[in-house]
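According to Swiss-Prot, the features are:
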- Thr7, Gly8, Ser9, Ile10, Gly31, Lys32, Asn33, Asn113, Glu115, Gly187: NADPH binding site (BINDING)
- Lys114, Ser134, Glu135, Ser158, His181, Ser194, Asn199, Lys200, Glu203: 1-deoxy-D-xylulose 5-phosphate binding site (BINDING)
- Asp133, Glu135, Glu203: Mn(2+) binding site (BINDING)
Amino acid sequence: MVVLGSTGSIGKNALKIAKKFGVEIEALSCGKNIALINEQIKVFKPKKVAILDPSDLNNLEPLGAEVFVGLDGIDAMIEECVSNLVLNAIVGVAGLKASFKSLQRNKKLALANKESLVSAGNLLDISQITPVDSEHFGLWALLQNKTLKPKSLIISASGGAFRDTPLELIAIQNAQNALKHPNWSMGSKITIDSASMVNKLFEILETYWLFGTSLKIDALIERSSIVHALVEFEDNSIIVHLASADMQLPISYAIDPKLASLNASIKPLDLYALNAIKFEPISMERYTLWRYKDLLLENPKLGVVLNASNEVAMEKFLNQEIAFGGLIQTISQALELYAKKSFKLSSLDEVLELDKEVRERFENVAGV
């Protein structure tokens, strides 16, 4: 298999599962963590390696592997790979072209890069995609019973770092505080996306493209992250998916469903140790971006705008140029502005063009 983004949280877990399942690693890619990819090269001996920045070439120790550089280099590497499976764990819209290239080459795509579906779900062949995500894995597991007819799909949210912060203090929070996730250990972008509820907006759009544009889709807060998904059926019964908060479960099924079903990759749940599972609505007062959920489901192509404005605001937030309120404000302004416009988005180029336009427009907007 090919692992793109091998030095991140998902990538490291994927390599752990691949080793356990005896899956050969044909190719690896990383962003800036050259020290770690050098270690991974020693262990997994890939035939091909891609890095983002040519200035890192001097520090790379490829041990005979063919080396590719930049996003175009990743595309070229995928083109040459013979593996049937590509796991795309690149962060941000940077992973979009790699998803397209993998599907063009008729490869199965294990997709951890949320931005691919969020920005271009209408252009991707969903039949070749397995989402690497605890919520969508939960929905997939619940929908295996074909006798029951689903009516609504519900995913859970932890509430993120500011779920108990006094409302009047949320806007002034900094990145350091946003990175204190109560349940999961993840990369910085997804942890902040969890605090802003952007991550759940992403997952709502992913659910729309993956499981059905005709079903009701919603989310709720379940603080323990033990409940990942719920499906309500036409008979008004609801089935719930519970599992430990561990990404190795969805990753293992994306790599090899048969082996995953026979080998436990996560700790069993101790049902007696569970606190009372409690569901809470997502408060629009606390998570102001949640008010755009219905707008995004009505016009899912706005996902490009959501993602581009979020990435621009995220960079400023991490660089301490704006506080949390500024991040929220940037995304709100972008969605309000583009909700009034119409756009086709019938090709990858058109998606990337709109992405660029949104970035340029909001790059220089002063935040709170």
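Note that the numbers count up from 1, one per residue, in the order the chain is shown.
Just so you know, glycine gets a Cβ as well, placed from its N, Cα and C.
Structure with Swiss-Prot features highlighted.
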residue : record                                      : DSSP (3 states)
Thr7    : NADPH binding site                          : coil
Gly31   : NADPH binding site                          : coil
Lys114  : 1-deoxy-D-xylulose 5-phosphate binding site : helix
Asp133  : Mn(2+) binding site                         : coil
His181  : 1-deoxy-D-xylulose 5-phosphate binding site : coil
Asn199  : 1-deoxy-D-xylulose 5-phosphate binding site : helix
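Comparing Ser9 (NADPH binding site) with Asp133 (Mn(2+) binding site), their Cα atoms are 12 Å apart once rounded.
Around Asn199 (1-deoxy-D-xylulose 5-phosphate binding site), a 10 Å sphere centred on its CB holds 23 further CB atoms from the protein chains shown. A gap of 17 Å separates the Cα atoms of His181 (1-deoxy-D-xylulose 5-phosphate binding site) and Asp133 (Mn(2+) binding site). Checked against Glu115 (NADPH binding site), the binding-site residues Asp133, Glu135, Glu203 differ in C-alpha distance, with Glu203 being the nearest.
In this structure, the binding-site residues Lys114, His181 were compared by how many other Cβ atoms lie within 10 Å of their Cβ, and the smallest count belongs to His181. Shown in sequence order, Lys114, Asp133, Glu135, His136, Ile155, Ala219 are the residues of the chain, 6+ apart in sequence, with a C-beta less than 8 angstroms from the C-beta of Glu203 (1-deoxy-D-xylulose 5-phosphate binding site).
Considering only the binding-site residues Glu115, Asp133, Glu135, the Cβ with the fewest other Cβ atoms within 10 Å is that of Glu135.
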